[in-house]
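**Q** Dumping the structure here so I can ask a few things about it.
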């Protein structure tokens, strides 16, 4: 009995497993990252190497030029060389002239600035010392007031000292640098027979956040039998420790009686 022949079915080709593909992709990624890093490092190394080679070549060119100059000056093997000694020596002389001109211009420039280059440090120290020696002081003259005021007003005069470290604000003197200060004031005033209470001069330390502090006080009681004004003066002065930003001012019992003729009424301070 004949049986029909049927060929065997082809075996299916084996497919690549997902884990193998994943490992291959990871390996490829790592390889590319390593290659990129290596390329960057190699480029950096090559750049540094080229910079170093440029320095070496520059030094080599200088050496060759000096060697040419030496040969031309000593006459060494002039017949066996193809050097144009006249051209080489002229170039060397030009370089010397440029260097000499630059070295001469530098002292002139420094001389124009006051010989600073040899004594720059000492001059700076001298300037600082002179700044420190400049007095910190101010002296003000009185200003007439026709109404009663709590704080006497003042003005600068052409003959009196002023300092940027002592500023004036509406009758008050403000110190910009802490330290010991001598504070003084004189007030001249007129008394009449009708006046019975003493005329009092006050010098206060201004305290914005609390009550003003009395530094000095002067009194004068002078009776007169005439109705005319008789001129009197009260003067106060003392040394006080002031902080940066402290302000002082002058007050009197009757500001309308103050005489502000030149030299009669003044207010000032200076740092010790």
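Note that Cβ sites are derived from N, Cα and C of the backbone, with glycine treated the same way.
Not my notes, these are from Swiss-Prot:
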- 190-229: disulfide bond (DISULFID)
- 1-23: topological domain 'Cytoplasmic' (TOPO_DOM)
- 45-272: topological domain 'Extracellular' (TOPO_DOM)
- 24-44: transmembrane segment (TRANSMEM)
**Q** Kindly state the mean pLDDT of the topological domain 'Cytoplasmic' (1-23) in the predicted structure.
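**A** Result for the topological domain 'Cytoplasmic' (1-23): average pLDDT 64.
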**Q** Please work out which residue of 190, 229 has the most C-beta neighbours within 10 angstroms of its C-beta, and give that one of the disulfide-bonded residues.
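**A** Buried the deepest by this measure is 190.
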**Q** Per DSSP, to which secondary structure element type does residue 229 (disulfide bond) belong, with helix, strand and coil as the options?
**A** coil
